[in-house]
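Peer 1: I'd like to ask some things about the structure below.
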Amino acid sequence: MEEDDLNPAGKPLYRLYFKGLVTEEKEMLLAGFGVAICGDKDDLLFDLKVSIHDPTITLLEVELIALKSGLNQAVSLGINHISICCDHEYIFELVMGISTPKQESIALLLRDVQGIRKYLTSSIPVMLTQNQSNLAYDFAIEAISSEIIIDIPAQKETCNICLNDDINADQMFSVDKSGHMCCSECVKRHIEVRLLEGSLITCPHYRCNSLLTSVRCGNLLTPKLNKMWEQKTKDELIPVMDRVYCPNPRCSTLMSETELSGLNIGVRRCCVKCGEPFCVKCKVSWHNNLSCDEYKTLHPNPTENDGRLRDLANEKSWRQCSKCKHMIELSSGCISVVCRCGHTFCYQCGADAGDCFHGLGRDDLDLTQCCGSCCCFVFFLVIIAIVVTIILLVRRFS
């Protein structure tokens, strides 16, 4: 959410920065928070440092107490318009009303926060980017943490992906549904690879199928990756059987056949991106003054461009998806590939997933030989078990 879009014209807009801290030191739970209210130019107008003596308090509770205190002070100072600068995704969602608190203590604190906001003309929740969060630490958190009563050492975490054990706690990423944690850099690289593969963006943890969301991970990615993710989300909303691709090789934009049908009559369609007309039935550029049957009769063989594409595909060992006819090139990795239409097939032979034995360690897999080898191995294990049993019996009765 952009502040400039919601800032009333001619009205001064203030910023509220808040941060809660909880740590366990010498078998004692220490907690405290800092608050800073800044002007338009991020000049510090007010700061507050408070320690909390409660062995049962949680970090989320401390963060909300800090926010509540900051809003109270803003009202006391006569401020009417203020931005609530959040660096905690869940708190941002709570204040925006996107998420609902599960714990009663959090619900009570959130109720107080929303009640105080009613005394302000406008209070805009803003989710800080990583760079903005660093700036917030520079002129707000650092300005108050040096005077805060508790002394909290930098907490280090270990990433389960890269195994780096010297990562600051605020650089760790937690997957909402599974709770798995890894460093932000590993999450970023994982999402980038998944986007380039066209695969589902799941938790980076091994064999975890929990889905990641762009809202949760957007601040970790570049604008280009965010745009790719946004487009991928839109594409996934189109049913597989309703997908149609622009035949223009320089475009290949994915579209919904149902939506295109509502804009045109007959089989002539126009690409929503490049504008080139095409036949939705033949999946080729528009054949003027020819019906589909007439076009197929006059063009029984592939066009010159189709022939070039076929020769290039043979030369590069490309595979064509049997479902949507899209060409796919595998540069590296597993030979079981997933087309952008969702169809999975073997890159080596082109068969549908599960219909061949490629990728099992041998390309010339012989089932008879395989079964024979397995039987020999089992027989070998049985012989070893018998020998071990005989030795144990001899030792027992000798």
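Please read every residue number as a count from 1 along the shown chain.
Glycine is treated like the rest: Cβ placed from N, Cα and C.
Checked Swiss-Prot, it gives:
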type: REGION; residues: 155-374; note: region 'TRIAD supradomain'
type: BINDING; residues: CYS159, CYS162, CYS183, CYS186; note: Zn(2+) 1 binding site
type: ZN_FING; residues: 159-208; note: zinc finger
type: ZN_FING; residues: 159-207; note: zinc finger
type: ZN_FING; residues: 233-292; note: zinc finger
type: BINDING; residues: CYS246, CYS251, CYS271, CYS274; note: Zn(2+) 2 binding site
type: BINDING; residues: CYS279, CYS282, HIS287, CYS292; note: Zn(2+) 3 binding site
type: BINDING; residues: CYS321, CYS324, CYS339, CYS341; note: Zn(2+) 4 binding site
type: ZN_FING; residues: 321-356; note: zinc finger
type: ZN_FING; residues: 321-349; note: zinc finger
type: ACT_SITE; residues: CYS334; note: active site
type: BINDING; residues: CYS346, CYS349, HIS358, CYS370; note: Zn(2+) 5 binding site
type: TRANSMEM; residues: 374-394; note: transmembrane segment
Peer 1: Let me know the model's mean pLDDT on the zinc finger (321-356).
Peer 2: 76
Peer 1: Expressed to the nearest Å, what is the distance separating CYS282 (Zn(2+) 3 binding site) and CYS274 (Zn(2+) 2 binding site) at their Cα atoms?
Peer 2: 19
Peer 1: Taking only C-alpha atoms and a 10 A limit, tell me which of CYS274, CYS334, CYS346 are near CYS183 (Zn(2+) 1 binding site). These are the recorded positions.
Peer 2: none
Peer 1: Rank the binding-site residues CYS279, CYS292 by the number of other Cβ atoms within 10 Å of each Cβ and report the first-ranked residue.
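Peer 2: Per the Cβ count, the most surrounded site is CYS279.
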Peer 1: Run through the zinc finger (321-349) and tell me, per DSSP, how many residues are helix, strand and coil.
Peer 2: 0 helix, 8 strand, 21 coil
Peer 1: Give the sequence-ordered set of same-chain residues, not counting CYS279, CYS282, HIS287, CYS292, with Cβ within 8 Å of the centre of the Cβ atoms defining the Zn(2+) 3 site.
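Peer 2: Along the chain, the qualifying residues are VAL267, LYS281, VAL284, TRP286, LEU290, SER291, TYR295, LYS296.
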Peer 1: Helix, strand or coil: which one is CYS292 (Zn(2+) 3 binding site) in, per DSSP?
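Peer 2: The three-state answer is helix.
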Peer 1: Round to the nearest Å and give the CA-to-CA distance linking CYS292 (Zn(2+) 3 binding site) with CYS159 (Zn(2+) 1 binding site).
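Peer 2: It is 58 Å, counting Cα to Cα.
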Peer 1: When you rank CYS159, CYS186, CYS341 by Cα distance to CYS246 (Zn(2+) 2 binding site), which of the binding-site residues ends up on top as the closest?
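Peer 2: Nearest in space to CYS246 (Zn(2+) 2 binding site), counting only the binding-site residues, is CYS341.
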Peer 1: In whole Å, how far is CYS334 (active site) from CYS162 (Zn(2+) 1 binding site) when you measure between their Cα atoms?
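Peer 2: About 22 Å separate the Cα atoms of these two residues.
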Peer 1: State the count of C-beta atoms found within 10 angstroms of the C-beta of CYS324 (Zn(2+) 4 binding site), not counting that atom itself.
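Peer 2: Cβ-Cβ neighbours of CYS324 (Zn(2+) 4 binding site) within 10 Å number 17.
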Peer 1: Whole-number Å distance between the CA of CYS251 (Zn(2+) 2 binding site) and the CA of CYS339 (Zn(2+) 4 binding site)?
Peer 2: 17
